[in-house]
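Residues annotated as zinc finger in Swiss-Prot, with sequence analysis given as evidence: 9-78. Residues or ranges marked as Zn(2+) 1 binding site by Swiss-Prot: 17, 20, 46, 49. Here Swiss-Prot flags 36, 38, 68, 71 as Zn(2+) 2 binding site, drawing on sequence analysis. Under the heading transmembrane segment, Swiss-Prot lists 102-122, 142-162, 212-232, 241-261.
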């Protein structure tokens, strides 16, 4: 019996906390715990030191699981039993925490949907006319309005994403040397280029995405203004807006095609100069 006590005493006195590296001699009143499968010097740890270490790992989430950094054994963490009132409150708090992300997503989707509905209604009144637009929406089926109005901004954005100017540019570069009309209007357009420049993806830049969004949403307003300026003799608001939109798209597209072609030629004729030698070198 005395030999077993003599063997156990050195083992107890050799305990060392792997967090603060203190031993039994440093603090004889400290509470020790062996929370994992580790052996040797990392087997023991102070209860208070391990509590602080677990708090750092959980970062305020008391339900998060924490494991030993050496053997990866999960710590067995127990809490005192809760009373019925505290248990119900804790359950409600966890349910609310889990439901909040879904509720936030639903609110976001609902906000976007009703914003699209409002934009669609304003667009109808702007294109058709204020009084005529209200009459059309009052006579329409409510279900049709709830489905049709939010599709207006979606269709505008999808239509804006169609880059028809690029197809025109390809045809321009392919057949410009065969069309004498283009050569007479734009001298030198059919001349061969020394190299083919690399073209960037227009949708790769987030700025291009914002330009597509803003351009699509402001298009009905621009079409209405252009229609009033260029086709004031047309009595129908809808026809005037459609003509204004077509004219705006055609004029803007023509300038954009010409601008891109000039940039293409400028990049094709780019040269890299020799490095200037310093005098006396």
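Each residue, glycine too, has its Cβ placed from N, Cα and C.
On the structure: features taken from Swiss-Prot.
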residue: 17; record: Zn(2+) 1 binding site; DSSP (3 states): coil
residue: 36; record: Zn(2+) 2 binding site; DSSP (3 states): coil
residue: 46; record: Zn(2+) 1 binding site; DSSP (3 states): strand
residue: 68; record: Zn(2+) 2 binding site; DSSP (3 states): coil
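Within the group of binding-site residues (17, 20), the Cβ with the highest number of other Cβ atoms inside 10 Å belongs to 17. Among residues of the same chain six or more beyond the transmembrane segment (142-162), those with a C-beta under 8 A of the stretch's C-beta atoms are 113, 116-117, 119-121, 123-124, 203, 212-213, 215-217, 219-220. For residue 46 (Zn(2+) 1 binding site), the same-chain residues 6+ apart in sequence whose C-beta sits under 8 angstroms from its C-beta are 17, 19, 20, 22, 27, 30, 31, 32, 33.
In sequence order, 35, 37, 42, 67, 69, 70, 72, 73 are the residues of the same chain, not among 36, 38, 68, 71, whose CB sits within 8 A of the CB centroid for the Zn(2+) 2 site. Annotated pair residue 38 (Zn(2+) 2 binding site) and residue 49 (Zn(2+) 1 binding site), C-alpha to C-alpha distance, rounded: 17 Å. As a whole-number mean, the pLDDT of the zinc finger (9-78) in this prediction is 83.
Comparing the binding-site residues 68, 71 by how many other C-beta atoms lie within 10 angstroms of each C-beta, the top residue is 68. Note: the Cα of residue 68 (Zn(2+) 2 binding site) and the Cα of residue 49 (Zn(2+) 1 binding site) are spaced 13 Å from each other.
A straight line from the CA of residue 49 (Zn(2+) 1 binding site) to the CA of residue 71 (Zn(2+) 2 binding site) spans 18 Å.
Taking the mean position of the Cβ atoms of 17, 20, 46, 49 as the Zn(2+) 1 site, the remaining residues of that chain whose Cβ falls within 8 Å of it are 18, 19, 21, 22, 30, 45, 48, 50.
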